[in-house]
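Asks: Submitted below is the structure of interest, expressed as C-alpha cells.
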C-alpha cells in the first residue's frame, strides 16, 4: 500500500498527491491533519469510483484508506465539449418582433419571412431563441407559431426566454417551443456560431 | 480569515466613526466605507490584496485590481484614484513585480481612474492589491441593505473561482485566459453601472470571500427579508462541477458552509456539488443586483446584450430572515 503523509499541506496539495498515487497504486493510505483535507480527499476517491474509508479520526489526525476497485479510471478530461459550428446549424437569436430599422409594419412582415425561410436553409438551424418582444410574436402570432411548429418537427430546438414570458404575462399561452433560462441561452450562444436578428 | 474569527477580532476593537459623515461603516458588513463630503458627493474607500492565484504575473495584477475596484462599483460609484499594496520576496526577479504592477495599472486605466504610488514590503510570499477611492452622488449610493419585497436578484458572473483557483494551483487546468474563470476574474464589474439610473435598483453587492450564500445572507439580514434562491438558474464555470466533485474545494468554502448553513433552508432534492459551490469564496466575483421585479427583465436583457453571463438567481420575500434554496 502506498502511503502519503499530507500533514501540513494546504489545499489542493493533499488532493493532488492522492490523485497521483491513485494512478499507480491499487491501495493508497493518506494522512492529513484537518477535516477539510480529509473531506476533499474522500471526495476525490468517490469521484474516481474507489472505495474510501476514514479509519482513524481525531481533531488533527485523519487516516484515510482508498481502494481502487479494479476498473481503471480513465484520466479525466476536463475540457469543455468542443462544438463544430461548421457541421452543425447556427443558433438564431430573435430579440425583437421585427427585422431591421424602418417602418414597423414592414419589419414585422420581414421577420416572418425570415423565420419561414429558416425552414429551407441547409443545414437547418440548431436552435432558434426568442427574447424580449420576439417572445410576444412567438406566442401571439398564429403564422409564426405555425412556422415554429414546423421547425420543431424538423428537429430545430425552439427556446423561449422564460423571464420575458413572465414579463409580458404570456406564460400560460405558450403553445410551441421550450421555456428556457438565461444560463441556457448564454451557453447556446457561447458554444456555437450564432446570428443575432 | 473566516467570517466568524474576523467578527470576534473586530468586536474587541473600538473604531472611531463620525456618525454624521460616515454613511456606511463597519456595522453593515458592506463592501466599502462611504463618507459624505457634501450633499452632492460622497467618498467611497476600499482596500483588498491577496497572494497570487495564477502563475502569470501580469494576469495576477489585473485580477487583483479588478477585484479591488469591484467594491467601488458594488456601491454604485466610480473609482477615481488607487494606490498599490505590495509584498514581494527578495529572491524573486524584479521583472515579475513590474509585470504584476503593469497588470494592475492597466486595469485601473481601463476603469478610468488614476494610480499613483503605494507601499512595498519584503515578504516571503508575493502579495498584491490596491486601495481604491471612488465617488458617488449620495442619491445613487447602493448598499447591501435596501432590498424590497418582490425584488429579483441578478448575478453578473458565474460561480466557482475558488474551486477553479484550487484546480489551477493543483495543475488540473490552465491558468491563462483560455480559462473562463480567469477571464471572468479580470473583467471589471463596471458594465452594469451604466444601466443603474434607468432602473429601480434597490441594493447591490459583489460576491467575494463569503461566497454566494454569505453575501445573500448579508443582504437578507440588512433588509429583514427572506431570499429564495432559484438553484437551477445559478451559472457556474465550465469544468468547475467536476473539480468540486474531485475534492478541489478550498478551505474557505468549508468555513463559509460551517458558518452559514444554519441560516439556510431548502426545498427539493439537493444537488450537493452546486450546494458546495454556493459557499465557494469568489475572487473578483460578480455583482448581486437587487432590482424591482418590473424592471428585472429589461435590465437582464440589457446586461445580456452587453455580453455578461448574467442570470436572475433569487427573489426577496416577506418572511423569516435567511436564505432558502429551491432546488427544482
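Each residue, glycine too, has its Cβ placed from N, Cα and C.
The feature ATP binding site is assigned by TrEMBL to B:28, B:29, B:30, B:48, B:71, B:118, B:119, B:120. What TrEMBL lists as Mg(2+) binding site is B:31, B:71, B:206. Taken from TrEMBL, the feature domain 'PurM-like N-terminal' applies to B:30-136. Sequence annotations record features per position, and here TrEMBL assigns domain 'PurM-like C-terminal' to B:148-321.
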Asks: Around the Mg(2+) site formed by B:31, B:71, B:206, list the extra residues of the same chain whose Cβ is within 8 Å of the site's Cβ centroid.
Replies: B:30, B:32, B:46, B:70, B:72, B:73, B:74, B:75, B:205, B:208
Asks: Averaging the per-residue pLDDT over the domain 'PurM-like C-terminal' (B:148-321), what integer do you get?
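Replies: Within the domain 'PurM-like C-terminal' (B:148-321), the model's average pLDDT equals 95.
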Asks: Roughly how many Å separate the Cα of residue B:30 (ATP binding site) from that of residue B:206 (Mg(2+) binding site), to the nearest whole number?
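Replies: Distance between the two Cα atoms comes out at 9 Å.
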Asks: Provide, as an integer number of angstrom, the distance between the C-alpha atoms of residue B:31 (Mg(2+) binding site) and residue B:71 (ATP binding site).
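Replies: Spelling it out, the Cα of residue B:31 (Mg(2+) binding site) and the Cα of residue B:71 (ATP binding site) are 5 Å apart.
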Asks: Any idea what the Cα distance is from residue B:119 (ATP binding site) over to residue B:206 (Mg(2+) binding site), rounded to a whole Å?
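Replies: Rounded to a whole number, the Cα-Cα distance is 26 Å.
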Asks: Going by DSSP, is residue B:120 (ATP binding site) part of a helix, a strand, or coil?
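Replies: Assignment for residue B:120 (ATP binding site) reads strand.
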Asks: What number of additional C-beta atoms lies within 10 angstroms of the C-beta atom of residue B:118 (ATP binding site)?
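Replies: For residue B:118 (ATP binding site), the count of other Cβ atoms within 10 Å is 16.
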